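For reference, TrEMBL has these:
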DOMAIN    20-387  domain 'Amino acid permease/ SLC12A'
TRANSMEM  14-36  transmembrane segment
TRANSMEM  48-69  transmembrane segment
TRANSMEM  90-111  transmembrane segment
TRANSMEM  131-151  transmembrane segment
TRANSMEM  158-179  transmembrane segment
TRANSMEM  199-222  transmembrane segment
TRANSMEM  243-265  transmembrane segment
TRANSMEM  285-316  transmembrane segment
TRANSMEM  337-356  transmembrane segment
TRANSMEM  362-383  transmembrane segment
TRANSMEM  395-417  transmembrane segment
Amino acid sequence: MTDASSAPGLQRRLGFWLLMLYGLGVMVGAGIYVLIGEVGGRTGLLAPAAFLLAALVAAPTAMSYAELAGRIPEAGGEVAWLRDAFGLSLLPPVAGLLIVGGATLSAAAVIQGGAAYLWALTPLPADLKALIPYTWLIPPLIAAMAVAAVWGVVESMVVAAVLTLVEVSGLLLAIWAGFEAPPTAEWRDGLPGAVEHLGGLGGAASALAGASLLAFFAFIGFEDMVNMAEETHDPGRTMARAILAALAITAVLYALVAAAALHALPSALMATMYDPLTGVVRAGAPALVPVIALIGGAAALNGVLAQMVMGARILYGTGRRHPRLALLARVAPGRGTPWVATLLMGALVTGVALLVPLGPLAAGSAGVLLAVFVGVNLALVVLRRKAPAPDGAWTAPFWAPWAGMALSAAAVAAGVFGG
């Protein structure tokens, strides 16, 4: 068997635009198309605030990730940072397993939503659709994304970039259609009515805290970007610009989409829908329902592709560092992609997507990633004390890792105790 150390390595072929669109695509694909109904159902008109709160929780950690990607630009990302910071032989593999587990849960949640959007497009009678579960679409969709991921990193990033532009256009369509629809009674009652419906200020705060953890799932994606560091030109500069740009664009889109959705649909109805943005467009522009359903499916596929690419790089890095797992470091000849690790990710995502419901998948994925974020922020604090950042690498503000630790830990606590 080929030793991991002598196997061909990854190819440095990515620039700012492909990397930024990759991150934007996984965040948009992983979140708003699938989770707007869940978050809206829990918080009503406070849903835009839940998404903005989640973005504020994510921002300091995103800055820490951007600096660490310049300090240690390895495909293993978080695993490599924890190794260099703490030197504990057990901690990096455990962190790697957590990250792969989080990516698996995330991709499984997204493919469930994507399959529902695409199933809505099938030209079968409604009564027949009710008898056949949409989940039968999941295995072939994941297989197609695995093929794209093995095909090549630039090729898969081009696919992701095209899908990203498609899904962002879908969000803009949903925003327009949502505000074209007649306002709901809930919207006309305004924020005072929403707070009263949630049981007053205390109930609203509790609902907002719990929903913010779920909404945080919608921002999962910036951490995936750093695992492309070995395939990025000038990662010390490019990675920071791409991460921060993707996060800012995503936050603005989410707030607008949440507001438009609640203008068009009652939150209680949104909570029951597998494809809530289809309902939003149906309320404001019914002729465009097939378009948003197709775009919703494309958005989910993009999110799945990005999570599989990221998870495969973590597994690849693990195989490269541990001889007993060297099979995971196998790279496809001529393609420069970790094919064994990618196929394993596809199998894991398929199994979980068929077995676990959406809500627990999203909350579980966000909880796992938040726990990892606490460790990553602490790693940056330790590494700063060991050595300065390399010349030319982007440096986060001094307070970023401290704020990232505190906010991530608080978000985990809010999710546990806030509901």
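A Cβ is built for glycine as well, from the same backbone N, Cα and C atoms used for every other residue.
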Are there 3 or more C-beta pairs under 8 Å linking the transmembrane segment (337-356) with the transmembrane segment (48-69), counting only pairs at least 6 apart in sequence? no
Can you find at least 3 Cβ pairs under 8 Å between the transmembrane segment (395-417) and the transmembrane segment (199-222), where each pair is 6 or more residues apart in sequence? yes
Do any residues of this chain, six or more beyond the ends of the transmembrane segment (90-111), have a C-beta under 8 angstroms from a C-beta of it, and if so which? 29-30, 34, 76-80, 82-83, 138, 141-142, 217, 220, 223-224, 300-301, 303-304, 307-308, 310-311, 314-315, 317-318, 322, 345, 348-349, 352-353, 356, 358, 361-362, 364-365, 368-369, 371-372, 375
Contact between the transmembrane segment (243-265) and the transmembrane segment (131-151) (3 or more Cβ pairs under 8 Å, separation 6+): no
Note the mean pLDDT of the domain 'Amino acid permease/ SLC12A' (20-387), expressed as a whole number. 85
Leading stretch by Cβ pairs under 8 Å, where the reference is the transmembrane segment (199-222) and the options are 14-36, 131-151, 337-356: 14-36
Contacting positions for the transmembrane segment (131-151) when only residues 6+ beyond its ends and CB under 8 Å are counted: 107, 111-112, 114-116, 118-119, 124, 159, 274, 301, 304-305, 308-309, 312, 332, 335, 337, 339, 342-343, 345-346, 349-350, 353-354
